[in-house]
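Report on one structure; see the data block that follows.
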Amino acid sequence: MSTTDSDPLARERAHLGASRAALRAMREDVEALDIRDVTANWVNAAVLSRQIEERVKALADLSHTPLFFGRLDYLHTTQEGQRFYIGRRHVHDAHGDPMVIDWRAPVSQPFYRASRKDPQDVGLRRRFGYTGGELTAYEDEHLTDPEEADTTSRLLQAEIERPRVGPMRDIVATIQPEQDEIVRSGLSGSVCVQGGPGTGKTAVGLHRVAYLLYAHRERLARTGTLVIGPNRSFLRYIEQVLPALGELEVRQSTVDDLVGTHVEVRGADEAAAAVVKGDARMAEVLRRAVRSHVTPPVEPVVVVRGSRRWRVPAYEVEEIVRELLARDMRYGAAREALPRRIAHAVLVRMEEAGEAPDDRVQDAVARNAAVKAAVKAVWPPVDPAKLVLRLLSDAEFLAEHARGVLTEEEQKAILWTRPPRGVRSAKWSPADAVLVDEAADLVERTHSLGHVVLDEAQDLSPMQYRAVGRRCSTGSVTVLGDLAQGTTPWATRSWTEALGHLGKPDAVVEELTAGFRVPREVIAYASRLLPHIAPGLAEVRSVRENPGSLEVRAVGEAERDPAVVTACREFLGREGSVGLIAADARVPELARALDGAGLGFLAPGEETSARARLTLVPASLAKGLEYDYVVLDEPAAVVGGEPDERTGLRRLYVALTRAVSGLTLVHAAPLPAHLTA
Ligand SMILES: Nc1ncnc2c1ncn2[C@@H]1O[C@H](COP(=O)(O)OP(=O)(O)OP(=O)(O)O)[C@@H](O)[C@H]1O
């Protein structure tokens, strides 16, 4: 007997070797494709070459990502076989028989879901462990063996404890059953996931896109997919997850960038103004303002053709206009329909007079100068930016359309004190851009994508939800968020409300409660704030066995900065990334302190590496990010940096929940009472 036969690990390594060879052969087959005979012209040839190039890229064997991470032995042979190796991509041998199955394929599903209670016909589930690209360990579960005890997977634990240097990683090897249910839920349904810090919401959202692209590739290639995150540094942190899963075509954007195509955002609002501008009632004000441009005709339309004059009386044009208004079409679509409707009225008269006009006559009448002039007078074009500009600068115009919708104070809050001269010179705020986007949609329907993932959704205003909702009006959405981490003045109070604004009231709300980031001691400390910031939400249950460390250091004001530098230095002595989180206002002073101490540091969104591991993070940008070790500077300043106590405590909750292995608080001012109580 050879060692390969007797040693299971050697056998698995042999399968890995054979799979890599098969992948190489697949790549060589694609590289060797001769497209000269199959392409009729150079355009087709160029398209095909690009596709081939991409396919070759997708077939690369990356040494740091194992080709497979699991194996399933079914109890019974299925049509596809009985033993499957589960990996990031499909690999087959020269006969077309599978060597590695894509994690998203239906036969892979039990790898994530099968349990002793429900073995799903799986006799053996094997997980593989790798060290530096080498297959070095495996772990078996015999799900139908009553003698075998339930144990927690060491490999899963090792994966969760792995230092976090670099961008966010995929979690394909260790997706948990409750996460998998969300990842694999159907394309037609929308899902909303409430989950505390580190429960894997972002990871789940990204894997869900990858899954949907696998299961509905053609449809989504046509309709498109989009991931929305809170800011650009967050998007940079997550941007490599989908490409690592072989998905290169998913767009990523912030809400601000999404709606910022109509006007240039250069201004900011006071909170009071932003709250009103973000309120869903603004949609009604805009709707009325857009429709107010339609003016009932007072003159008849007279079309002269040859020696004849055809007259459509004003009351009849008015009837057409009324009917179009009642149909609640987009303003622009109705405007386009109007000339043909007037032309139709002319044609009816021609027929009554014994003529037999055809479609070409109707087209010609619709283009007639008199008809065009009438349309311009009755249903003039509306420029969305100009309309919003007028609403925000002209008190009378605003009052006319906000009557009964906004109070006088609310109207006053949103009016510009010094109206700008024009669209270009206006200092548009992010909330204004959302209003312009809503107005643009009233004029012309926004293109809808096939699927949208909306992360950190709790921070969106109702008007922002509407902006996202119209981008998936005919598709579906995955909403991810945590009500306890809402830090905007308009943060969502309930998911039902948010889903209503998104236009997806039937979305299923799921909850994730197992935490993969924050150590037990640290999450327990942060959760002291929960009753004050989100009563009713459950505390996250940390699955991390590593006890982690929590230290609170009280120092005198003069020693605070040096103490922060010392804490950073201590953590830099260990393996992994370090985040120094501080109130935004404290960041410049701390930057000087770090510089003075000769400690180099990055800004959020810049990629950490083995050489550059320290990031200085303003509290306002900490959301969604994580570091192996966190030094939190002056919690009272983090709370005090926000307009009200609840928002401040929520900001603090976010900052307290970024650490994977250790958290040190350094403070000179007293700690917020809710934390010490
Ligand atoms: N099943 C899993 N296996 C291994 N790691 C996981 C798993 N689920 C989540 N993680 C890891 O836990 C960390 C937190 O995940 P993620 O950032 O998705 O959480 P989140 O719920 O979005 O957090 P936040 O509310 O802070 O934004 C990440 O490092 C992620 O890779």
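Using N, Cα and C of the backbone, Cβ positions are placed for all residues, glycine too.
The domain 'UvrD-like helicase ATP-binding' annotation in TrEMBL covers 174-528. If you look up TrEMBL, you'll see Gly195, Gly196, Pro197, Gly198, Thr199, Gly200, Lys201, Thr202 marked as ATP binding site.
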Sparsest-packed among the binding-site residues, when each Cβ's other Cβ atoms within 10 Å are tallied, from Thr199, Thr202: Thr202
Lowest local Cβ density (other Cβ within 10 Å) among binding-site residues: Pro197, Gly198: Pro197
CB contacts for Gly200 (ATP binding site) [other CB atoms within 10 A, all chains]: 24
Under 8 Å by Cβ from Gly195 (ATP binding site), counting only residues of that chain that are 6 or more apart: Lys201, Leu480, Asp482, Glu511, Leu512, Thr513, Val540
Which listed residue (Gly196, Lys201) has most other Cβ within 10 Å, given these are binding-site residues: Gly196
Cβ-based neighbourhood (8 Å from the centroid) of the ATP site, residues Gly195, Gly196, Pro197, Gly198, Thr199, Gly200, Lys201, Thr202 excluded: Asp482, Leu512, Gly515, Phe516, Arg517, Val540
Assigned element (helix, strand, coil) containing Gly195 (ATP binding site), judged by DSSP: strand
Reported mean pLDDT - the domain 'UvrD-like helicase ATP-binding' (174-528): 95
DSSP-derived structure type at Gly200 (ATP binding site), helix or strand or else coil: coil
